[in-house]
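Trainee: According to TrEMBL, the protein has these features:
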- 1-18: compositional bias 'Acidic residues' (COMPBIAS)
- 56-171: domain 'GmrSD restriction endonucleases N-terminal' (DOMAIN)
- 1-32: region 'Disordered' (REGION)
Amino acid sequence: MSFSDDSDLTDLSSDEENVPLAPTKKLQTRSKKPVIRPALRAPRTVSYSVESLYKKLCDKSLDLEPEYQRDVVWNDSKQSQLIDSLIHNYYIPPLIFEGEEKRTCIDGKQRLSSIRRFTDGKFWYISRSGAGRTRSRTILPTQLKSRFSNTQITCVEYDDLTQDQEREIFRRVQLGVALTPAERLQAITGPLASLIREVQDKLASPEGLEGHVPWGKARGRDFLCVAQIIYLIDGKKAEPSAPKIEAWLTGDKAATITPKLKRNIDSTVDVLCTLARDPTLSKPLNDKKVSPIEFVMITYMIFLHRDKLSLTQLSDAAAQLRKNVRGRFSSIRSNTE
């Protein structure tokens, strides 16, 4: 077949050439997937010798006491087992720090406290049976101590964390650890938690109760006590148990810090501190160690009656409160009776 001028295919006319094309459908753009950005800058992983970590503890360039930390709770047997694990190259979880020049220990206080105690010479043995009895202990020779000092420990270091970020790391790391309710509470962040810490700091200062009133502060107990006081001042009717306090601090309907609430807290704490620092008025508060529940109820009593009673009357009321409680209950811990 040849292509000639007589082809059956006719030419397109000009009208046909100008037939508009069918409108093209606008290309649909794919919706962008949400980008999940890391909440924290990536940490670095480093190794330090036991000796290097010990020196950092001694020169205070490594802080074991951020306020959210637990107290030292490991017993001799557990501390001894850690030393044994390090000497024999068993795995221990990494330590977690914040900072570069001045470091804060976010996780690892129990391990570092054990290392410091051992290196100080206060804890220089390994318990063979784990029972912690003297006859089952082996004194470590100098050569083994030297090897221990050179043992490398893995550490994870963050930079430029906020206090809230530190607490969140601590909280997440401790999810599998048996913390007391008070210890869990003091890792919470938010406006109310910050207010509680402000009051804590005031009470712990020389202008507050420090050196004047002995009261239980171990394992986050002081945070819980202050939280219970503010919870009651805020007008809550339910018993200020740890679960209720946690819901109050973290719930969708968390309390608003109104100027009135702040004034009530400040005036109550001021009266408490005035009583505590007065040699005569403080006698009902320091003749015996004040239990946590006594501390909460005395402070709440001050809030209720601070505008009606004199300082002397408030001091007498505190004495009567303690006398009644101790006369009625053999145990005055807040979680028993």
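Here the Cβ of each residue, glycine as well, is placed from N, Cα and C on the backbone.
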Trainee: Would you mind splitting the domain 'GmrSD restriction endonucleases N-terminal' (56-171) into helix, strand and coil residue counts from DSSP?
Mentor: 47 helix, 24 strand, 45 coil
Trainee: Over the span of the domain 'GmrSD restriction endonucleases N-terminal' (56-171), how high is the average pLDDT in this prediction?
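Mentor: Mean pLDDT for the domain 'GmrSD restriction endonucleases N-terminal' (56-171): 83.
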